[in-house]
Amino acid sequence: MSRQLSRARPATVLGAMEMGRRMDAPTSAAVTRAFLERGHTEIDTAFVYSEGQSETILGGLGLRLGGSDCRVKIDTKAIPLFGNSLKPDSLRFQLETSLKRLQCPRVDLFYLHMPDHSTPVEETLRACHQLHQEGKFVELGLSNYAAWEVAEICTLCKSNGWILPTVYQGMYNAITRQVETELFPCLRHFGLRFYAFNPLAGGLLTGKYKYEDKNGKQPVGRFFGNTWAEMYRNRYWKEHHFEGIALVEKALQAAYGASAPSMTSATLRWMYHHSQLQGAHGDAVILGMSSLEQLEQNLAAAEEGPLEPAVVDAFNQAWHLVTHECPNYFR
């Protein structure tokens, strides 16, 4: 336990995926303000989020993003979907469109959102280097790439003198841990930080869902009533996942009794204290939300201490239960 207490806590990044979709501009402004008031400074968005509304809303908040005197870091991504690609022209179009929406001269971190298997990666990386030389972004990031692709990209960039990626954003939570086996050693070798998305498994690890719910009428959320819902159900909505959650809930009751933390709190505490994320390496957890109340609850949980060993063991048991059907971290 002393090792856990002394370990540097991973940073927290605000995930802006729901801005412009489940959160309107005033709510998004309140959420951003609450996040920054807690002392956090980094916001994650993407060209594709809410069809551009996420970036547009963030750009209208008066944060002076990308300015030399701005303490807020802004991250965005280019995607090879919906008529876009990672070819040089599309890459430039997406980044320059993002800069206009965000009303900033450059972003702090520019990700390749996922691999473009129809474009030679050398073309994409050369174009990224050119955009970096033009001052349009500070750091290069990768997301949803396989470990071997990360190694290939780092080697190509190094040998050609191109900007090297320094951040990898990937799917990671207490019951989705495929990244630990091969990706994490790769990232440590090449010196990339890891930013975790889906820390609550799209909301499944809040414990508010039941497996049978998929057959009934559901409110709009990550699993129902939106463009990405089927992808999230395919990723997480499996009987073994719900059995794993039940194991953890039982352990929470046994360890804490009437004062047991919520499933959400326990899951986030696992991320910050018991996962393989390391604050000393600059790793971070991306916290998404669909309301101000949800963000405040998640931020409070992120500031709490380590879990009882029996609960950590239960999370490990849950992981072993679902390992065989863990969704791939790469695309």
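Placement of Cβ uses the backbone N, Cα and C atoms for every residue, glycine included.
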Message: Candidates are S54, S85, S118; I want to know which one Swiss-Prot annotates as phosphoserine.
response: S85
Candidate annotated in Swiss-Prot as phosphothreonine, out of T12, T166, T227: T227
Task: Please tell me which one of the binding-site residues listed here (M17, S143, Y209, N298) sits closest to T227 (phosphothreonine), measuring Cα to Cα?
output: M17
- request: Out of Y49, K77, S85, give those recorded positions positioned within 10 angstroms of S143 (NADPH binding site), comparing C-alpha atoms, in sequence order.
  value: K77
Field: G202 (NADPH binding site) CB neighbourhood, other CB atoms within 10 A
entry: 25
- request: Identify, among the recorded positions S85, N198, T227, N298, the residue whose Cβ has the fewest other Cβ atoms within 10 Å in this structure.
  value: T227
- prompt: Considering only the recorded positions Y49, K77, S85, which residue has the minimal Cα-Cα separation from G202 (NADPH binding site)?
  reply: Y49
- line: Its Cβ having more other Cβ atoms within 10 Å than any other among the binding-site residues S143, S290, the winner is S143
Message: Under a three-state reading of DSSP, tell me whether Y49 (active site, proton donor) is helix, strand or coil.
response: helix
